[in-house]
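Notes follow once the structure below has been shown.
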Amino acid sequence: MADKLDIKAFLDKDEQKDLLRLLTAGSVDDGKSTLIGRLLFDSKKLYEDQLDALERDSKRLGNAGEHIDYALLLDGLKAEREQGITIDVAYRYFSTNNRKFIIADTPGHEQYTRNMITGGSTANLAIILVDARMGVITQTRRHTFLVSLLGIKHVVLAVNKMDLVDFSEERFNEIVAEYKKFVAPLGIPDVTCIPLSALDGDNVVDKSERTPWYEGLSLLDFLETVHIDSDNNFSDFRFPVQYVLRPNLDFRGFCGKVASGIIRKGDKVMALPSGKVSHVKSIVTFDGELDYAFPPQSVTLTLEDEIDVSRGEMLVHPDNLPVVDRNFEAMLVWMDEEPMDINKSFFIKQTTNVSRTRIDSIKYKVDVNTMEHSSVPFLSLNEIARVVFTTAKELFFDPYRKNKSCGSFILIDPITNNTSAVGMIIDRVEKKDMNIADDFPVLNLPELGIAPEHYEAIEKAVKSLSEQGFEVRIEK
């Protein structure tokens, strides 16, 4: 009985640990997979059968000579092992006494930029590896730019293979100075630099005696203690409605995930786009009612008044509204094998909202290696650009730098259903500055000879179309 209680206590404690999502990025052979493998190995997070398989595979496929090749723990695809590179995003989970971790090992090659964007989309922290012999190279700059684009606020520059430069403090300081000079204009608020050797384990889990001049934490100690709670936006309440729950006539609740901000029982809320106002009656979860909710909790809100709210709409505080607009510009990462057709319309999915959208213009493409801007007529796979959009119906958004959940979106090809691109909203664009015709369809009911008693039925049909992403405006 005591053993069972101990197990339950352990599971309860593990459940209460906070979670750090991190990604690793770096050039080919900088040692990303080796570093994560070493982290798992030295923190005693591998089972005996995994260790046995690792030793066998190291002899057969390894690239570490007489050493165990820790990279094989993460390079799961056959092509990756044969080429000694990472192609897909490899996820690994482990926990320590202080924190739980999900690691995304992302590919370093430019042709797999979309894989890195996918792996880093939910990350709190990025580990960017550089080879101590090579220093800051083009790929280092590219990965850092992508990390800044994703809004990741914590970056660890892991200067790996310090054993190959005799753990030189001078060499480490040269690399740090060059990197910090490059990263300063990108606006990443927290950059930490750590000298290490992934193969030998120096400064990975424990401080190394071979770097007496380094006064900082080991990598694992830093990951356990880095403060990420303040990264969440607790100021701007945004609740995209995912589903309207009505199990019986006495209950009507709005289900969704709190994207940002805090909501309490009794708070005044406004439904967008209708502008109707009510108060929160209850905050319901599977485990019972709450007095308040915060991101990223999934809850059901009930309101004091019967107001019409559907999937894709949003509940907010009336004195703190998002941008409500159809015109905006964003940084777009093209992820489709097919090049962009700028004359084609797409579905845009932003929070739970879906609409038709068109691409009005490409302001410039960013060369991710040199940071130079250039004018282009379209985008190809893995290319990044600043793009202007017009949507068929209004979206409710915040700039991505302020609110990741409400400032990000995907473009969906309406024919293939492929995810064509991901985007990070910069801000609204004033229509007067666009000089672009508004060519979405308009139904002028009086001109069509439709009697007023039929207006309500037509409005319901148009609303149904709107929920599917087809916007038709009505004029009465």
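Every residue, even glycine, has its Cβ placed from backbone N, Cα and C.
Matching 60-63, 64-67, 160-163, 404-407 against Swiss-Prot, the residues noted as region 'G4' span 160-163.
The range from 84-88, 224-228, 324-328, 339-343 that Swiss-Prot describes as region 'G2' is residues 84-88. Close to Met162 (GTP binding site) in the fold, though at least 6 residues off in sequence, lie Ala132, Ser168, Phe172, Pro195, Leu196, Ser197, Asp202, Arg210, Thr211, each with a CB less than 8 Å from its CB. If you look at the region 'G4' (160-163), the same-chain residues 6 or more away from its ends with a CB under 8 A from one of its CBs are 26, 30-31, 35, 129-133, 172, 195-200, 202, 210-211. There are 30 other Cβ atoms within 10 Å of the Cβ belonging to Lys32 (GTP binding site).
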